[in-house]
């Protein structure tokens, strides 16, 4: 069905009477399904097909009015109505409805806080000229490092806002859901690209390649980090729009899943994972290189330890926690999902706090060290 539920042995039994619809029986009917598999009583559930329900009105499974009992080699369904019956076998390790609901609440609250924090940070940067001496502000705002930070924040704002809209709009028109899914995909690709731009710029600064001059440096970064992802998403949206649409997140009870606007194509999903993996690998290599450099110069500069902490926090906030997405298996599944949701949904808040720290340090005499 549309919820990607698994039907045990692919058997569906229909029971009807010619006299009309039968429902609300005081003595439920008993339907037995035989199987040759070892089942856990918690992952096989009796359900019936409910026409017209679910996303798009295509129908979905429901267990309302049915109870499930288990015997060796048999699943017994007790239902107070007649229709099409089946037994859904939910794979082990699937999220329970309670876990899915809690993760949804955490991500909604975290993304809302991040969006608000990012917006405040962007406004602070725009009006920074009123909060510090003019010369210091001009130097801070013209710095490429600051501009790259602002572009990353803008990409995060797009990602958070489109994510917050993806679940409510999944109940609306398909076209609007596809547009939201495309914006969410574009936001994710742009955030990852600007993380890579941050790592590249950080590497140039700390390796101290002062003699390297890249003409139209920031413009080229914008073309790569904004232009390429947006172009790719626009091409997919125009030529293969069905790539975006209703995406179902399964729970251990297949009839109580959650729907959001996201990718519906497995190849595009795996291509996005590969794209993210390459960027996170690059950022990790940059982090290792930076740590080696700071370790070498720690004895020569009194502020090296302070720079070490700044670089480590910056690089972690701009990519390391996203690597948790590659640990979604086995015993790591549930802890990883909670850690990933908490850390990455609050990423905007962390960056805002980091910016406030830089703002306090970016007073006359300390701008060059902290902003760079």
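Including glycine, each Cβ sits where the backbone N, Cα and C put it.
These numbers come from a predicted model, not from an experiment.
As recorded in TrEMBL:
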type	residues	note
DOMAIN	1-95	domain 'GAIN-B'
TRANSMEM	81-100	transmembrane segment
DOMAIN	103-359	domain 'G-protein coupled receptors family 2 profile 2'
TRANSMEM	106-131	transmembrane segment
TRANSMEM	152-171	transmembrane segment
TRANSMEM	183-206	transmembrane segment
TRANSMEM	218-239	transmembrane segment
TRANSMEM	268-288	transmembrane segment
TRANSMEM	308-331	transmembrane segment
TRANSMEM	337-356	transmembrane segment
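Touching of the transmembrane segment (183-206) and the transmembrane segment (268-288) is concluded from the presence of at least three CB pairs under 8 A, sequence neighbours closer than 6 excluded. Only residues 6 or more beyond the boundaries of the transmembrane segment (218-239), in the same chain, are considered here, and those with a CB under 8 A from a CB of the stretch are 144, 147-148, 151, 155, 178, 182, 185-186, 189-190, 193-194, 196-197, 201, 268. Across the candidate stretches 152-171, 268-288, 337-356, the maximum count of CB pairs under 8 A to the transmembrane segment (106-131) is reached by 337-356.
Nonlocal intrachain contacts for the transmembrane segment (268-288), taken as residues 6+ away from its ends with a CB within less than 8 angstroms of a stretch CB, comprise 185, 188-189, 192-193, 195-196, 199-200, 202-203, 236, 243, 311-312, 315, 318-320, 322-323, 325-326. Long-range contacts of the transmembrane segment (152-171) within its own chain (CB-CB distance under 8 A, at least 6 residues past either end) are made by residues 55, 104, 107-108, 111-112, 114-115, 118-119, 121-122, 177, 180-181, 183-184, 186-188, 190-191, 193-195, 197-198, 225-226, 246, 258-262, 318, 347-348, 351.
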